[in-house]
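Notes follow once the structure below has been shown.
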């Protein structure tokens, strides 16, 4: 009977008859032979026509079986793939060969991607990401037997942004190549593979660029669009001969076919899909080489080479500084920066090809303000730093995004002054502030050694927050993971209240809220740093509970052994150099001593800034009265530090803005006070 199945149904089957419903089929055929009745319109006048009846019934059975299979596959897809945040792990990408053919006149593109996969367990489905693409053909070829398998369907789920390819036979464990031909539109939404315009004389023309972070590579080509699924990429693109083609890696080959050229780039190291980039446009460029021999270029619109020179100098300095700090050289053969007229953000750290909005990257020496140059110094340091934190070592999933952004922001702050000596003001985010706090607690040398070890251990791979804490703990001998979990796994930050009672310092922490409704539910492990009357007397310890109490003599760590006088004039500054991510609220007695230290110029500009900023924040949240803030501001009359004066003026404006509505009768008196306060610095 199995031979009949093969003969009349045209497919082979190695399993039992029952697997394909053969028990039913055999009984039906035997019944037909006895009855000699027609089946599905096929006449069976004699036993010699049984073959025709059997053929018809087999065809019907196969169709029915395929329908059942399709229903079953749909059910599996809905149960296993629908609504899932992550892709299934039975297929892992190893490399991509991507060929793009954009049409800048029709504003669309076609492409082919060949993805080398490792099948980790037998599967009848391949599931990957795709969005707003038309899939024309797909096939999977196993490397073990060179067998080419075609999917029985192509299922595109726009809601979940996935492409499901079901196969009639399970794909075996091993390596193979998934080939997909596709097409799409060059959109105007500044994401995925998009088009924008540039001026060629008086004529507007199209150019193309990409923006894939966080999940828009899938708008350009079908892929495993998750940061942990790193692979190598070999990119090729067709372009009009007059345009410059840029991607993550240097050009490997260029072939010209009439007015179109095909540019192929070198294969990249392992990287995530969101870091792949392509730009086509008309550019001039300027270039320099770093001390390690890395070629750095800035691509500018035609005629604006000079406006790219400042950015170029920043990039070269950044690469040299970070290579030295991390004890690991820049991991790619080149770094290009390109100015694009239309871009959704300020810049994007694509591996080896940083894309900037044109007005962010280009600086005219005669027209650009100091603040614009300061801004570029910060952005440049941030984007270059990502080539270590983010590109070389990448977060495992977007929930660990702070590993990328927090460290990049921390290092932009740390080195922006070295990269650009006119840099003054810094805005801290929580991630970078927490990193800076940890650096201050562990010390520069140990922290730097730890980061270098972390980079080397996870280079070209992915890491979770816990992986970083583990390396820092190993190198420093400090239980970093438990300390930092209290900062990264709960919202907000604390305010530390400090009181002095009978030569005991008492510390109490509570969550700081701008509403002033402090909460004691949250608890942080807080690295407390303090100085007692001198920067030579510094103490560092962890406040692990809601309340802590320490005798002053236990806190004295004088480096020169001089005895400390615990008299009425002893001032105490908590959170030295503002390294901790917390506010400090002093009782009136300690606050008065700190004001005298400010007048006597015994504190650094950073610590004076911190005292003022904390009191203003506490006043805003109604934790302190306005009189406390005005009294403190009064001791800053002779201040000349730029950052401090800027903050002082900001606070003056903020007080006047609130007072106009809250206490209108005091506005004129406040204005007079602020004018007298700032007269010294103005003169």
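Heads up, residue numbers simply count up from 1 along the chain you see.
Cβ coordinates come from backbone N, Cα and C, glycine included.
Annotated features, as they stand in TrEMBL:
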ACT_SITE  383  active site, proton acceptor
BINDING   382, 386, 405  Zn(2+) binding site
DOMAIN    3-60  domain 'Tryptophan synthase beta chain-like PALP'
DOMAIN    93-275  domain 'Aminopeptidase N-like N-terminal'
DOMAIN    310-415  domain 'Peptidase M1 membrane alanine aminopeptidase'
DOMAIN    419-487  domain 'Peptidase M1 membrane alanine aminopeptidase'
DOMAIN    571-679  domain 'ERAP1-like C-terminal'
SITE      428  site 'Transition state stabilizer'
Check: What is the Cβ neighbour count of residue 386 (Zn(2+) binding site) at a 10 Å cut-off, with all protein chains included?
Finding: 25
Item checked: Protein Cβ atoms within 10 Å of residue 382 (Zn(2+) binding site), excluding its own -> 25
Next item on the list: Work out, from DSSP, the number of helix, strand and coil residues along the domain 'ERAP1-like C-terminal' (571-679).
Entry: 79 helix, 7 strand, 23 coil
Item checked: Neighbouring C-beta atoms (10 Å sphere around the C-beta of residue 383 (active site, proton acceptor)) -> 24
